[in-house]
Structures are given as C-alpha cells and as structure tokens.
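Over in Swiss-Prot, the protein carries these features:
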| type | residues | note |
| --- | --- | --- |
| SIGNAL | 1-29 | signal peptide |
| DISULFID | Cys32-Cys43 | disulfide bond |
| DISULFID | Cys35-Cys52 | disulfide bond |
| DISULFID | Cys39-Cys51 | disulfide bond |
Amino acid sequence: MTKTTMHWLAHFQIILLCIWLMCPPSSQAIKCDTCGKECASACGTKHFRTCCFNYLRKRSDPDALRQSSNRRLIDFILLQGRALFTQELRERRHNGTLMDLGLNTYYP
C-alpha cells in the first residue's frame, strides 16, 4: 500500500469509529410500555410520540420526563410547543384576531 492509501484508510476508520460512537445503543430507546398500555399498540409509529406526550401530560409527573432519553425529551418539548402554538392559532381564529383568507380570495 502506498502512503496516501494508508492515510485515507486511517481517516476512513476514524470516521467509522466516530459514527459508531455517535449512534445511541438500543437500550437508550424509549420502551413501548413507558407511556402506558394505551400507547403500546402505537409503538414505533408517529402516533406513539403524540400518545406518549398526552400520557406524560396527563400524569404531570416530573420523573416521567427524566425516564426518557434526551432525544425523546427534545421531542416532548417540541410537541408541547407545537400544541401551544396550535392552541394560540385556534384561539385567534375563534376571537377573530387572525384573518383566515382562503384561496378563493385569490383564485375565484
């Protein structure tokens, strides 16, 4: 092997090692029964996050957030922010403070 080939091979191995170290082990993933029996059937789907969010919100237990991984905690926070934003939009539409113009205004 040439010196250049060995150099690139070493870089490639270092990159693979970094990728392997960055991948979280499966033991850190949230378990299907963490969010109650009603969410277990939705495990592995997009609906599971929503179900889990609602379950944790109902429980209002601070320890429930500590049990989830950091990634799930970020998801929880983003879902909570989205829910508050959606609720605010709904209230603005209900109060008439948000103009909801349909496409019919522009395309008769």
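Heads up, the Cβ atoms here are built off N, Cα and C, so glycines get one too.
Least packed by the Cβ count within 10 Å, out of the disulfide-bonded residues Cys35, Cys39, Cys43, Cys52, is Cys43. For Cys32 (disulfide bond), the same-chain residues lying six or more positions away in sequence with a CB closer than 8 A to its CB are Cys39, Ala40, Cys43, Gly44, Phe48. Separation of the C-alpha atoms of Cys35 (disulfide bond) and Cys51 (disulfide bond): 8 Å, rounded to the nearest whole number. In the shown protein chains, 19 other C-beta atoms lie within 10 A of the C-beta of Cys51 (disulfide bond).
Secondary structure at Cys43 (disulfide bond), taken from DSSP and collapsed to helix, strand or coil, is coil.
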